[in-house]
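J.: According to TrEMBL, the protein carries these features:
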type	residues	note
ACT_SITE	1263	active site, proton acceptor
BINDING	44, 49, 52, 74	[2Fe-2S] cluster 1 binding site
BINDING	114, 117, 149, 151	[2Fe-2S] cluster 2 binding site
BINDING	262, 263, 264, 265, 266, 267, 268, 269, 364, 427	FAD binding site
BINDING	770, 801, 915, 1082	Mo-molybdopterin binding site
BINDING	917	substrate binding site
DOMAIN	8-92	domain '2Fe-2S ferredoxin-type'
DOMAIN	234-419	domain 'FAD-binding PCMH-type'
């Protein structure tokens, strides 16, 4: 590395304050630099989630304008910020100073739950408003495209943004002048029950005043306009950063350091350094170089390489608006892909030059640029030259066709299209937006004038090989041919011969990708036919009407919806908040970034960072563990291994550090403690572990069954006489269903701060968990000290969904052992990749069924077996399989019913609790066999559901009595108010008219249970203090995970003590204030903690009664002061013994659950049979909420769970290697829903019923919505069935989950799937496998 004696000063502004860095480190990114501004969150580290979004503002001296754009701080090197102004969420507004309208509306529209993604959401909307103070709804949806949220389901976030749109209304009128869901038309249950639709009051919102925004620092304008700018050099410890200010200087630097990367947006170099371990001693950053930032449109469009993809998009939009349509076909194709490429922050950071120069094989743009005959203009000290963007350039096969190390991309020239030329782009990704393509293509054809004779043809495909590939041989063979069906059939055959995807290719999905190549080619063929017909209808016949819908991609539309809930009784006292849609108590803090999470705690004196080293083998002996090299690394204090655990290293079957044997990839072997995270991470690479593989390594459920490998004994329930019943039915069917797993993808990864105390072996842990008691137990066992020395403190978690029930205990023990050995505080944060690898997720499931039924659809007998992939240790697998077996009938009464279940032991990381706890997987099997019965009886699945649904007070298969009346009501309302039958007919009409697109509908009923069949797990305690000034401090054993538990507890205390909510404060959950608390899970947080809070408040009120009686007209504060004077105890512990549930597995009966939550959902989808893409058009949910304590929070839970479920059943796919290595370790490889996936129309109704057993007759709704996402899965299968019927295929086919684009496309068998080459599975090892 060249050594420079003096580093220049780096100057930029953060939230209006000038920053001068005398020794900036080129390796430091903005996210870590802003460590004391805690609003900017770390969630993925790769720019894929938007949690760290900030606004960057720069002044352009050429056009004298200030440019504001969003950027993900995790990818922004601080050295690239010279002359820029950064605004973080703290700079937008704060509670201390003034909250901004964006923050206020996000909070008041209930657009925050856990709050971890909220600062990023605020920054995306805020940046949009700085550029467009009155945005359109579509601009808002687009602005949020790079931000992930795992809690809310996006609808309220979009709604908060839409309040800034001119003329926006919440209720969308349908042209009749009346609301489409007017309560008087839609109210179903007696007219006396009034329904409300307003969850917030818009009149409260402060107006947006653009003139009040902070000004751009004038000093930065002067710096930008300085005529004497010179090259800047920033010298770091290991690297050097050059900022040239002239083109000549840039070329000089590139000649001196040909291997140095050019860094503009850092969207390619940054991830390579972070995730691939690349190291660059020198960086060259030509940011702001005018020669790279121009647009010239004289003879063609020449775009400077330094323009961001967003600026490139703006330039193309301008060209399209100015030029005749026939000249801009390439630009249209590029614009279509630019809308969905990455998200707005990345599009604003990445440059068109960097995008082309880095040659990603998945690029959506380069195949179109190549098809459109674009050239790259490159320059070096030797001079300029043009490189055609074609096959040789991508393949890097010829030196003269490739970019040389010393060359710089100056610009891209894209010719105008000609009259008889058509250019088009195609892509298919797991998710419509912000997702790498599975296959993409750019195609162009030019005809001899006035004919359909091919004069020139170009086809380029991405994601099918290590580089973008050209089908040049095929194109050459087709020159001079007519554009007809024979040409299509030859081209498909030849392209498949020319582009061979090997069977074990990286990325898998080989047959699907082969099919997509020719499916996209067919789309192009149709598009060209249509276009030729428009050019000359007489000469060129049009494509069949039924094929027209194949031409268009699904549009991205702004979602809308209505939420309906029971209005509060007008006679209820005004001060009583119960039943009102009260905002989450931390919502404003979420939106301002002032809500503190564990990693937001300031660094402590002597604090160490911990990084774990994990096993790379699924099942092996550790033959040696050498940490000597790691201990020599800079900053390392110690390496912690199993030898350092003072107490149990294996507690209840969970192993803290592997010792002699590893049992999965991702098992913790040791941990490095160092002075910084970067030092610990670097040293971890130097730990050397040698292994000796042990056979067998069991990865899948099938392998576990083969080797008889189980974690627990079989669980079974049975009623009637199953064997006998099978002999007396009309038909018997058998089948099996595979349901893959799911990653929790909470935005805040597992984070622990372990602080050893100086006395009595005490240890304090701050962490985000659902079960502080469990952490206390494991730490106590590991350290061999009593639990009373271990304090676990939990303020809030940035999402959990079950993933923070058991896992924080294991990780907490690891951190505590490190803190104990070093005697120093330990900060232990799992990065996203390690979090996904180590903590695992939802259990994959295999269901096998045998069903006996009559020809009228009545099911008489069912024999069902379930197997789940539990992973390598017990965790919660036994409880999950018990839940699966107990809930396995869903909403249906089958007189002769047997269900058996077992948890399999495999060499994968242990799967754990996840929202719904087995129910979302198991009931897919139930709905699948109902659908199969319907198909055999020639009935609609909904008819078979109706026939077999519980109808009157009944007993479950395990003999628990329940009344299904609310289930029937939800079902009936769902069918009627969703207009299911009319829409089903309309879908059938649509399907008759469209061959390549199909619509499907499904209605799914649900009987869900809350709580646990073990009574002592339902207990809860609370501690309530009343202070002399009348203020109340409330503590309880429940954890705030974003579900609004603390908010509801404040509502309970407010009602019980008859005081305003503002008097009640809730700080944190702690094992010190409430001992032995059970987990916050199973939808029972409000149920049990609410009862405990209520009990404590009632005890206190009883004590105050004598005082109140003496002074009935007095005020609360007077009564409290008087009580203190009379020595009345103003502190009380409340307790709830818990629901007295039980289950006797020997007798196969019990009162397993306190009550049931019922619901129904209707979803309608449209699928593209050629690509496997689908669009969710509408969802109606009817959820039995009994009496909702807080409709805003409850609807938020229902919507959020539904979208999480929809993701689970459609696009979320975990990929494992045959050796048990998890490939999906971040947002690039694992796709959760974005704002574009949610239903175009989303209607949620809370149905009122009674539930006297629970507090205020409410019901726990945290998990119930998850399974209703399966209505999307079955709507997709309904659409696929329509396609298969039309193609003369069987309408019974495997109904597995998730229904990814691959599954959808390959189920819609047609001439293209028949054409692809197939490989003999015994001749290769696939890249990835399913583990269910």
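Cβ coordinates come from backbone N, Cα and C, glycine included.
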J.: Under 8 Å Cβ to Cβ from residue 74 ([2Fe-2S] cluster 1 binding site), same chain, six or more residues apart: give me those in sequence order, or none if nothing qualifies.
T.: 29, 30, 31, 42, 44, 45, 46, 47, 52, 270
J.: Can you name every residue in this chain, apart from 114, 117, 149, 151, with its Cβ inside 8 Å of the center of the Cβ atoms of the recorded [2Fe-2S] cluster 2 site?
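T.: Apart from the listed residues, the neighbours are 112, 113, 115, 116, 118, 150, 152, 747, 798, 799, 1042.
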J.: Under 8 Å Cβ to Cβ from residue 117 ([2Fe-2S] cluster 2 binding site), same chain, six or more residues apart: give me those in sequence order, or none if nothing qualifies.
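T.: Non-local contacts for residue 117 ([2Fe-2S] cluster 2 binding site): 41, 43, 49, 50, 51, 147, 148, 149, 150, 151, 747.
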J.: Which residue, of the binding-site residues 44, 49, 149, 151, 268, has its CB surrounded by the fewest other CB atoms within 10 A?
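T.: Selected from the binding-site residues 44, 49, 149, 151, 268 on minimum Cβ neighbours within 10 Å: 268.
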J.: For residue 264 (FAD binding site), identify the closest of the binding-site residues 770, 801, 917, judging by Cα separation.
T.: 801
J.: Taking every protein chain shown into account, which of the binding-site residues 801, 917 has the largest tally of Cβ atoms within 10 Å of its Cβ?
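T.: Per the Cβ count, the most surrounded site is 801.
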J.: Which residues, same chain and not among 44, 49, 52, 74, have a CB within 8 angstroms of the centroid of the CB atoms at the recorded [2Fe-2S] cluster 1 site?
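T.: For the [2Fe-2S] cluster 1 site the neighbour list reads 31, 41, 42, 43, 45, 46, 47, 48, 50, 51, 72, 73.
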J.: Using residue 801 (Mo-molybdopterin binding site) as the reference point, find which of the binding-site residues 262, 268, 917 has the shortest Cα-to-Cα distance to it.
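T.: Ranked by Cα distance from residue 801 (Mo-molybdopterin binding site), first place goes to 917.
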J.: Measuring Cα to Cα, how far is residue 1082 (Mo-molybdopterin binding site) from residue 262 (FAD binding site) in Å?
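T.: Here the two Cα atoms lie 52 Å apart.
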J.: Check each residue in the chain of residue 266 (FAD binding site) that is at least six apart in sequence and keep those whose C-beta is under 8 Å from its C-beta; list them in sequence order.
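T.: Expected: 75, 76, 77, 80, 349.
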J.: Around the Mo-molybdopterin site formed by 770, 801, 915, 1082, which additional residues qualify by having Cβ within 8 Å of the site's Cβ center?
T.: 800, 802, 803, 805, 913, 914, 917, 1041, 1080, 1081, 1262, 1263
J.: Roughly how many Å lie between the Cα atoms of the residue listed as 'substrate binding site' and residue 268 (FAD binding site), rounded to a whole value?
T.: 39
J.: Tell me the Cα distance separating the residue listed as 'active site, proton acceptor' from residue 268 (FAD binding site), rounded to the nearest angstrom.
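T.: Computed Cα spacing between residue 268 (FAD binding site) and the residue listed as 'active site, proton acceptor' is 39 Å.
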